[in-house]
Structure formats: C-alpha cells, structure tokens
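Chemist: Grabbed the feature section from TrEMBL, which reads as follows:
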ACT_SITE  His75  active site
ACT_SITE  Asn147  active site
BINDING   Arg72, Arg111, Phe160, Arg357, Tyr361, Arg368  heme binding site
COMPBIAS  1-22  compositional bias 'Basic and acidic residues'
DOMAIN    28-415  domain 'Catalase core'
REGION    1-23  region 'Disordered'
Amino acid sequence: MEKSNRHENRKNEQLEQFRTDDQNQALTTNQGLKVSNDEFSLKAGVRGPTLMEDFHFREKMTHFDHERIPERVVHARGYAAHGEFEAYGTAEPFTKAGFLKKGTKTPVFVRFSTVVGSRGSAETVRDTRGFSTKFYTEEGNYDLVANNMPVFFIQDAIKFPDLVHAIKPEPHNEMPQAAAAHNTFWDFVAHNTESAHHVIWNMADRAIPRSFRMMEGFGVHTFRFINDEGKSHFVKFHWKPKLGVHSLVWDEAQKISGKDPDFNRKDLWESIEAGDFPEYEFGVQLLPEEDEFKFDFDVLDPTKLWPEEDVPVTMIGKMTLNRNVDNVFAETEQVAFHPGHVVPGIDFTNDPLLQGRLFSYTDTQLIRLGGPNFHEIPINRPVCPFHNNQRDGYNRQTINKGRVSYHPNSLANNTPAPASPAEGGYEHYQEKVEGRKVRARSESFNDHFSQAKLFWNSMSATEKQHIVEAYSFELGKCDMPIREMNIEVLANVDLELAQKVAGNIGVTPPAEGGSDVTKSSPALSQENTVKLPDTRKVGVLIDNGFDGKEIMPVLNELEASKMKYEIISETQGKVTGADGTELEVTHTFSTTDAVLYDALYAVGGPDVSKAFAKNAAKFLGEAFDHYKAIGAAQEGEKWLEAAKMLDQPGIVTTGQTTDFTKQFIEAVSAHRHWDRDVS
Ligand code: HDE
C-alpha cells in the first residue's frame, strides 16, 4: 500500500529495504516455491486423512501456531507513529547532544500506551499513559521512555514487581481488567505512602486523556545534561502538546470503552492520515549542579516534580508525528525502548528508580523478543552504523566478516576501535560517589504528602470534584478495611478531600489531618491549558428537508476553523436538504454515539420520525451531561427547548444569536462547560 504521507528521512529509507508488498505477487511458500492450491490440504483420497508430506500445510500451520509473542509485562496496549524532531538549538549551552544542535532534524518513532491493561484492552480506562520516543540520532538511538504524569508510584525499583502485581488483575480470578479499582492495588497504596502523589494524579483528569495528541509527556526522573566543557546540569524532560492538555469525563470514558475500545489509537491514526499531524514541543527544566540541595525535596526522588513556576520549562525543539506504521506488529509491537539508550551529552542520576530501570528494559526484551539480537529488528536499528564484537545468538541477521571478534587485537588493527570522547565516544559523567553498602531509603525521600497536597491545591473546583469522585469510585470498588486504611492515608494529604471521599464510601470521616502546604502550581491545572478548535470533532444530527442555505455555511466554517464533522442520520446514504443540497451520511445512530464527539450540532429536519427524535434526544442528553458544546438550528432548537437545555453554558442556537457559527466554534474550543447545571 502506498502511503500518501510518506515523509522521507533516514529511518524511512532504512525501513524501505525491509518492506514487502505481497499484492499482485504469486503465492509461494517461505522457501519461494510457487504454490498451486491454498484451499485444500493434501489427502489420501478426497475423504481421506491429510498426509504428512504436505509441507505447504505444515509450514502454514506451524507459522500460525507461533504467531504470538509475550505481550509487554506493563504498557502492553499501545499505538505508535513515526515523525520528526527538529531542535531549536536552545539546549546547546547545556548539552553536547548532536541531535539538539540548532536545526538538526532527527527521525523519531513514538509509542503511546496504557500501563495496566493487556494488549487487547480498552483504551479510555483510568490509568497513566506511556509516551515513549525513540530518536534515531546520528550518534545512536536515544530513547526517552516517558509517561503523561511527572511522578511515579514508588521511589525504589525493587518495589516495581510488587506495584505491578498489585495493580494488574488479581491472580486468583484475573479481574478486573485494565483497572486500578480493586483491593490489591489499594492495599498496596495504603502500605506504600510514597505512592500518594502519583495516585492523586491518577485520580485526576489526566488519567483519562481525550487524545494522545492532547497529553503532556514527562521523563519523570532527573537526568543530566553534559555540555562541551563537561559541565553537568540536572534536567527534567517535558513534552507539551500544541493542542493543549484535555481529558474525557469519567462516565464518558467508561462508555467509550464499550462503544469504541480503540478510541485513542483511532484518533491518532485518523489525524495522521488526514494530515493533522500531532505536534509537541520538547522542553527542559534545568538546574545547575550547585543547586542540588536548594529544594525542600530531594531532586533524585521520582515522586517529586519541580514546579514550573520555580524552574521554568525552556523549549528546545519540536516533534511532529507525520506517518502511520505499515504494520503494527513489525513496528509498534517489536519496538524496544530503553531509558539506558543515551547519547553523549545525556547521562543518568542516582535516582534509585531510574537505576533499576536501566536493568529491566533489556531484560524484558530478551524474553519478549526472543534473544539478544532484537536491535537488528528493523524498527530498532540505529540509522548510524554499529560495529562491535558481539556475535551470534538466536535470529542473528548481520553477517560479520573476518576472523576477529575480540578486543584488543592486532589481526584487525585493533578495530573496531573505541573512540575518545572528543571523537564521540560516550563517557560517563564522573560523579563522585562514596558511602556504605546499605539497603535503605534516604531520609530526604521521607516526605510523601507535601506534593500530593501541592497538586490538590493547584486544581480548579471542577478538577477537585472529579478527584473526589474518582477516589470514591475506586475505593468504592474495594472492601473494608482497605477503604478505611486509604482514608487514613488520604487524610495526610487534605482533610476535606479525605472527609468527602469517606462520606461517599461509608467510612467514618477523619476529624483531623491534612498537609499544611499552601503552595500551588497553576501549570498543573488543565483549566490553564491551550484551547483551540483544531481537529475537534462535531456530530451533526440531520435529516432530509434541512435548510441548506443555513447549514452549509456553518459546516464550511467549521472546516475552515480546522474542525471536523460527521453527518449522523437515521439511515446510511444521503440526506437531502429542502433546497436539494445533499450530504453523505457518515454514521447512523447505531454505528456511532454521542460520547465519540467533542460537540453536537442538532439540525434535524421538518419530518423527523419518532425514532429519529428519540435518538437525537438521547445523543443530546449525553453530550449535555458530559458538558460538551451543543449548537442547534431549526428542529434541533426545539429538541433543546423540550429537554430544558437552553440558556445553559455551552449551548448556542441560531434562534438566540445572530453570530451563531463564531459562538459555536468558541464553545467547542472551550472543550467543556463545567459551570453547566447537569443535575
Ligand atoms: Fe517502565 N517498563 N518501568 N516506566 N515503561 C516497561 O519495558 C520498569 C517506569 C514506561 O512503549 C517495560 O519494554 C521498571 C517509569 C513506558 O514499549 C519494563 C520501572 C516510567 C513503557 C519496564 C519502571 C516508565 C514502559 C515493559 C521502575 C516513566 C512502555 C515492556 C523501576 C518515566 C514502553 C518494556 C513501550 C515499559 C520496567 C518505571 C515508562 C518491564 C522496572 C518511572 C512508557 O521493562
């Protein structure tokens, strides 16, 4: 299949060597033998047994039997796209990384994921999202294996298996799928108070993103930048989406899980196919080494963020995703990320979570991809050459010539030869380290609640309400005493929050508690994000007999504002306006749903059937309850009136304004209208 939006870069050229197009070709076995019949196995007589000598049957069936590989132990459900990163050059004083030099363009491959669910699970579940980027740089692959939340549940990698065992479906009955709302997870949370900060993020709206295109990304750990002079800065990595950070509402997210379990991947795929390329700016928070101890938390603690108001984010480049994969298994499933894939100019810190990750990612690829040669799989190959004395292993593809596979040597002039740092050889930062061998947590990691409270303080009233509802939902799915134990922990964050949740889940509300942190960080609230009409999707409820002269300019204007619309009617085919205008129906009421749109435009027609009116009322009620913008004209306005939805925020009708289109577009851009009365 030729792709319309193939974007040329070195990675794409490299992948091209491995692509194959089976269309219009003769059918062969894997040995290249042409096959004369692929319908029937070879038998002794038409009603007789299949013969062992049927090599075609055996090969076909054996390959099929071995098609599956183990899914990722976490982040199994994911979706990816290719793109390009271009550096602004603003990072040059701080890092010698070549791909961050001004104007450098680097091919990237980005995989988004949920964490908990298995490979076939629904996508709009409440969960952290993965945001992994492989930069195919000229100095080797650099992987930024990030999440859409800036902190993590645990401070030490040794707890990761416990965390994951607790949050995955319970082993005795394998329930629930892709959900944290069960006893073992909250048992873990109650016993590991360091998780309080990440947990409150997971209870907030960021855990149900509207789109992968509307999520931030965070490297979580503190890394190091090293510049040409060898000076080190601590650095936190950020991705900032051009479209802002937007979320679904919980009721909607749950319904989408059934109506369209592929909601997020479809959104990504379709946007790229339509040429609406997702864009993210790459930003860094930088801290000179001398300032390591200037905070009231430890910069090595992965449960802590650096408030952006204290350490501003400097933008250092832009990433554009511009090409969908050709084959999900070959690319998305086989891509192997590793936080230890670094390039000169980027180094690690002693964050004990990061240190453990540096082990885990190679280890997991060995079982998942079946051996040590996974770097040879096309999607994982660097675009620069690679040479060393590693040899053999399952599925080795490289044919290394010559007799030398050791170093040092004289038979091959001591090559392949290590390079000095000046020649681009990677040199680890010479941090001074001393201490006793201890299994212990640094005391500087002991404050588990202040930043959870900072996050809470930063939320708008609506966001706080959502957080209360999320804790109540999750703990409401747990039993006593898990509920009580968690209220006790939550009381350390905010007393009012703990009291409200306790009231909802039948636990005696705590009388005292709460962190005394009063600080807030406005950057954490989604209220303060970018709001644009771009790529917002409007469902148009419309029937025959509509007024084309009124409706068509509106639809054209939506498109001119980079919005999308789909025509929803009773039957597939065309709807025809009173003036003969024809519109192709995208969906009937049964093949789509109100939860799949950002907004609805209710038009109807003069003679809608009872069934049409009933479905329209259902769609409008749902959109209304999810605080979405609703525009209405003609018949649609009467529906809103009958449902008592007029005069509410985010409701725009032609009867009420002469400036309908502009106001409707503004209402859609606002994302949601939280001040609406949905009671
Ligand atoms: Fe991961 N994580 N992780 N993780 N992680 C994996 O690697 C692990 C952590 C993240 O799209 C696994 O290839 C440990 C933080 C993403 O392919 C595994 C610890 C962050 C992805 C693994 C962490 C992440 C993974 C499973 C604690 C955010 C998906 C499959 C010490 C900064 C990558 C795989 C993709 C995947 C281990 C914590 C992000 C098992 C041991 C913190 C986005 O190696």
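Cβ coordinates are placed from backbone N, Cα and C, and glycine is handled just like the others.
Each of the listed features needs to be described in terms of its position in the shown structure.
Modeler: The number of other CB atoms found within 10 A of the CB of His75 (active site), across every protein chain shown, is 23. DSSP classifies His75 (active site) as coil under the three-state reduction.
The Cβ of Asn147 (active site) has 23 other Cβ atoms within 10 Å, all protein chains considered.
Counted within 10 Å of its Cβ, the other Cβ atoms near Tyr361 (heme binding site) come to 16, all protein chains included.
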Chemist: Express the distance between the Cα positions of Tyr361 (heme binding site) and Asn147 (active site) as a whole number of Å.
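Modeler: On Cα coordinates alone, these residues lie 15 Å apart.
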Chemist: Of Arg72, Arg111, Arg357, Arg368, which of the binding-site residues has the most Cβ neighbours inside 10 Å?
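Modeler: Comparing the binding-site residues Arg72, Arg111, Arg357, Arg368, the most crowded Cβ belongs to Arg111.
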Chemist: DSSP on Asn147 (active site), three-state: which is it?
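Modeler: Note: Asn147 (active site) is in a strand by DSSP.
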Chemist: Between any two of Arg72, Arg111, Phe160, Arg357, Tyr361, Arg368, the residues recorded as binding heme, what is the biggest Cα to Cα distance in Å?
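Modeler: Maximum Cα-Cα distance: 21 Å.
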